[in-house]
Amino acid sequence: MSIERKKRDFGYNKDFTKEESSHLIIEFSKEAAEDVIYTLHKKLREENFNVVKHGKRLYLKGDERRMLLEAEIMQLKRQSADRTWRYFSVLDCLNKKSTWQEACCLLSHSEKIRVCQHIIEENIRVNKTVDIPGLGLLFPGQSFVAVLKKEKLISKIFPLHENDKLHKLWNKWLRSCITAGISPLPEDEIKDYFGEAIAYYFCFLNCFTRSLVVIVILTMFFHIFAFPFEFFGIVTNLYLMLFIKGWRITSNNLAFKWGSFLTEEEEKPRPVYRSEETEQWLPNGKIVPLPNYSYIRMQLIISWAVISVFLIIICFLKVLFIEYQITSQSTLNVILYSLFLHCICILYRNAVFIRNEVENHYTEESYEWHLVSKLIALDSITLFFGPLYSLIVHENKQLIQELLFGQLTIAQLINTATELVIPLISNEWQKVKQSIVEQNKDDESPKVLEEALKSAYSSSYADYLELYLQFGYISLFSAIYPNAALFALLNNLLLESFTDAYKLCKIHQRPLIKSAKGIGVWENAFAMLSIISLAIDIFFSNTRQYISALHCTEKQWYALFILGATAIVSMISLIPEESADLKYALHRQSQEKKRILEIYARTKLKESVRILETLKNNSDEIEYGKNSSHRD
């Protein structure tokens with residue numbers, strides 16, 4: 001194909017005044033060949049996208065009619081007037097007297113972005129094994145765009161910020177941060193603008209920060225009345241287990257409010273899932289590769305065997321360092337060990353990403369779950385093994401307190417600073433480079449260039465990890481370092497809430513909307529950590545000396561103590577995870593489903609009666625005709 005035809009098809013000579021109304025922008029890397037870009041451009045046109053090209057960027061604007069139909073096909077959920085969630089349907093919103101302008105306003109801009117994202121991720125798939133020049137071999141069912149992202153030929157896919165809507169959201173968000181949560185968190189606005197996954201993180205951060213207030217009050221109570229802090233560690237862990245139960249109730253309420261609590265999504269293959277042989281044809285003409293669970297199980301066994309060996313080596317190195325550091329007390333050794341451990345962790349993370357790809361998980365949820373689980377295993381060892389070893393073997397509380405103070409306070413300040421300073425410096429440097437390159441060009445919108453030069457928001461893993469660090473230190477070492485909750489509370493109120501909101505609204509590009517039903521594997525990680533911490537605190541408790549009224553042996557006292565803690569944990573586990581309002585709403589929804597099914601059943605019954613009556617009448621007519629012929 002000639003260069004002139006490609007330029008004409010790409011839209012080089014078009015008017016670019018409507019760039020800022022684009023729903024999505026795809027930015028290619030320098031290594032992406034023009035043939036690959038043209039192939040994607042052609043596929044996007046087939047999906048009724050209005051596509052304009054500037055250099056290595058494609059500007060996508062969805063067709064209004066196609067987006068409305070696709071929203072109905074993908075079963076987009078919207079809240080109706082009676083605050084119940086229903087699947088979007090054009091028939092429910094429009095009639096013959098409606099205008100085209102009313103139809104174009106049915107979906108919000110965020111919903112249009114969600115629909116366009118669904119089209120490019122789910123609809124542009126390969127139906128057979130093909131070899132694309134500049135890209136390589138693609139397997140049936142793979143998403144063309146997802147493969148381009150995996151091969152790093154697409155560097156970014158992002159929607160533009162809506163300045164007016166973002167400004168209103170930022171003002172509400174900032175008011176909530178300044179008032180330390182007294183002004184409510186705009187959780188619904190965050191969900192509508194950034195998606196459910198990000199909204200769940202900030203709701204969890206808000207709930208966890210509020211729960212720290214109770215622990216700080218307990219700390220002051222134990223200080224004032226000089227109660228033993230061995231009791232404090234156990235009480236804290238019981239309260240944290242109660243917090244996890246409370247969060248599950250809150251999460252279920254949010255899921256119901258946002259329409260995802262009863263959503264039963266079909267098991268969709270991951271966009272880059274590789275399968276050559278197993279596939280099945282669907283009525284709509286698309287194929288779906290079938291999962292190979294035996295291969296996945298074998299790869300998981302290999303992965304976790306390698307990971308276990310790797311983690312044992314890290315534990316062994318930590319033991320050697322702690323034993324050597326106790327005798328030498330050298331600052332240089334600490335620096336060298338930290339650098340060495342940091343390099344090992346980088347190698348581990350790279351190996352985890354490679355192994356997770358080799359495992360070839362069938363669904364996106366399975367891929368994310370196993371990836372985060374492997375990363376949490378490393379972070380748990382690196383963060384908590386050293387202080388726990390010092391506590392169990394050497395019982396050097398002063399050394400542990402110094403170590404915890406450094407990791408909890410100084411590390412959090414450094415993380416918060418790097419979350420803001422490094423992206424800001426990177427963005428400014430990109431602007432300087434772009435101004436030098438583009439100083440004689442004015443064919444792109446300044447708003448688009450400003451958004452394109454921002455760094456992409458990767459994921460919320462680092463944000464969850466900071467909360468996991470706080471949760472672990474409070475649950476594991478509250479008896480030794482009770483001030484951990486106070487430092488965590490101050491950090492979340494003064495820094496974490498503001499910086500996380502600021503980097504989303506001001507520093508990073510607007511992320512793609514990601515649906516979720518909760519915080520995922522992190523909920524299990526927090527719950528497991530609280531149970532392990534409670535067991536450790538009970539095992540190392542020496543509370544018999546504080547209660548002389550009970551004349552029991554040490555073994556009897558431990559047995560009573562364990563039975564009491566078990567009874568409390570059992571009572572916490574019996575608390576239902578659905579609130580009264582949620583149960584009532586579920587009951588109403590169940591009754592509505594029954595009513596619809598009854599109407600459907602009655603309609604079918606009437607149709608059955610009509611068919612039977614027709615058949616009976618036909619039979620009677622035939623019989624009557626036969627009798628008449630016999631009489632004649």
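The backbone N, Cα and C atoms fix where each Cβ goes, glycine too.
Owing to the predicted nature of the structure, the values given are computational and were not obtained by experimental measurement.
What TrEMBL records for 190-569 is domain 'Anoctamin transmembrane'.
Annotation source TrEMBL lists transmembrane segment at 300-322 (among others).
Positions annotated as transmembrane segment by TrEMBL: 334-354 (among others).
Annotation comment: TrEMBL describes 375-393 (among others) as transmembrane segment. Beyond its flanks by at least six residues, the transmembrane segment (375-393) meets 307, 311, 314-315, 318-319, 322, 341, 345, 348-349, 352, 399-400, 403-404, 407, 461, 465, 468-469, 472-473, 476-477, 480, 521, 525, 529, 536, 540 of its own chain at Cβ-Cβ distances under 8 Å.
Only residues 6 or more beyond the boundaries of the transmembrane segment (471-495), in the same chain, are considered here, and those with a CB under 8 A from a CB of the stretch are 180-181, 205, 208-209, 212-213, 215-216, 219, 222-223, 229-230, 232-234, 236-237, 240, 380, 383-384, 387-388, 391, 397, 400-401, 404-405, 407-409, 412-413, 416, 526, 529-530, 532-534, 536-537. Summarising the annotation, TrEMBL assigns transmembrane segment to 471-495 (among others).
Packing against the transmembrane segment (516-536) from elsewhere in the chain are residues 195-197, 200-201, 204, 233-234, 237-238, 240-241, 244, 247-248, 251, 255, 260-261, 263, 365, 368-369, 372-373, 376, 380, 388, 464, 468, 471-472, 475-476, 565, 569: each is 6 or more residues past its ends and has a CB under 8 Å from a CB in it. Annotation source TrEMBL lists transmembrane segment at 516-536 (among others).
The transmembrane segment feature in TrEMBL is assigned to 556-575 (among others).
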